[in-house]
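Q: My questions will all concern the structure given below.
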């Protein structure tokens, strides 16, 4: 194992290898395609059940159907609901071509039409958020006990028997995912069902998802599939479809769990361009070194010079 | 049961309308993007106590070498007191204090808290030995262990003084090496604010505890530290773009404004402190209070900057819109 600049920032091909695994399975991840999410929250429930997460209390937040609010120590999947005016659609050639003529007799009645004109300009966005399992994970980098570690699958997991609840990871995460559990004192977050992965099973949320909005698999395959999905959606006129977190050149070296979104990330409560704080570790330490040297120089020099004693 | 039934702000992701002059941005129901730091008042209190201890260790070593026994004694005890309270604050702030020793399982260069742990491990014993030598009752000084302690005190003090600049400055990296916007964006300037604040506090402590005729180095250190702190602290208010607002508003602003008054007053007072013990004590206390309030103010600005999604979304959105790479 060698620590290179790529270990802290930038694209990293073999994330488990960089963490010291000589032989390891390929990196796995989630591709969450929000264009087919129906907001059933089966992922939230399955996650709670499998991981035995405590009840978060009964809250009515007044935020559409979202009464979970955000990812937390007790909620490792969170479905966001956004009610908004739909973007204007241009008639898409692909859609017209897809229509199949069933040959039924038809005649125009008043008000009859394709249905297009009766639709409102409203749309409901739903998205199941989760820990991103970053290539360069802010939480993992700052953990002072080694409780957070990189698994052989390339995911990031907290060891609950090691964590001493220092809380540094909570502030180290540029996505605001990991949190300390009230009354427990330790940090908790999604493990991508590490126990299930080790037994060759997919994570509980992906298993429970009825529309395959949450897809689990080798990250390279998911990235390929996601690019195809975006192309298809663009063809169908859904030009606002975009991927979030799939780019290995982004501020965290790419996410192990990435998304297909239908609006800007911040609309879903996601940071538009997160950067792992470790990117600037070198420059921060050198500035601190300069400040330390100045401090030492000041401390020495105050003992020189004329004394009034 | 219902926390915010009535709130409908920008849940549809429309640009939030804010007061004139503020930037428009979109968010998820106006909710925070990041988690607030889980740290409480103990952490800024540690930042202060650690800085005070480091500056005292420097004064103690210098006083030892220049034969200022009363300044040496005060500073050695100040260094130990600061370190002791630091340790208490650090451990008490853990979610599982009984597991504090898990910090010693690993040495991780990517974690400033791990680096800091090992800096403190290197720093602590020297401070302890030097202070023990001061505290030893005179009847025990002739004993064999007493003599040994007397011999070890100087090298121990010098060793801790060599590490002290690290103790005073690493805490700036500790805060900046996070996603907290107000701390992260301040990363180029925070080390100077912190070492300045530490020097002002240590100098102030020396002015309070040592007699006027021995305290000249303390007065000088206090003045240099105070000026550094005042100048660099102002930069946080002005040069961090959107994030500066977190320093300029609310509780953070109030704490830091009082810090500025006290530090400036203490620095001016240190000019008179060579003549009057009363002036020395008053300005020393002002400097100590100013340093503490600075740490609490900076801490508060960081917490605020995680509560409002503006501090996360606006700078990042601007970067994306300009097509800049992270």
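Heads up, the Cβ atoms here are built off N, Cα and C, so glycines get one too.
Residues or ranges marked as domain '4Fe-4S ferredoxin-type' in TrEMBL: A:28-57, A:122-153, A:154-183. Annotation source TrEMBL lists transmembrane segment at A:284-304.
Looking at the shown structure, what environment does each listed feature sit in?
A: Counting only same-chain residues 6+ beyond the ends of the domain '4Fe-4S ferredoxin-type' (A:28-57), those with a CB under 8 A from a CB of the stretch are 65, 68, 72, 74-79, 81, 124-130, 133, 153-155, 181, 188, 190-193, 196-197, 203-219, 222-223, 225-226, 229, 233, 238, 241, 255-262, 268.
Proximity of distant same-chain residues to the domain '4Fe-4S ferredoxin-type' (A:122-153), defined by a Cβ-Cβ separation under 8 Å and at least 6 residues beyond the stretch ends, is recorded for 8-12, 15-16, 19, 21, 24-25, 27-30, 32, 34, 37-39, 43-44, 64, 71, 76-86, 159-160, 162-164, 166, 168-175, 177-178, 187, 189-190, 192, 194, 197, 205, 209, 213-214, 245, 248, 252-259, 261-263, 267-270, 276-279.
Outside the domain '4Fe-4S ferredoxin-type' (A:154-183) by six or more residues, the chain places 15-16, 24, 26-29, 54, 70-74, 131-134, 137-148, 189-192, 194, 197, 219, 251-252, 256, 270-271, 274-277 with a CB less than 8 A from a CB of the stretch.
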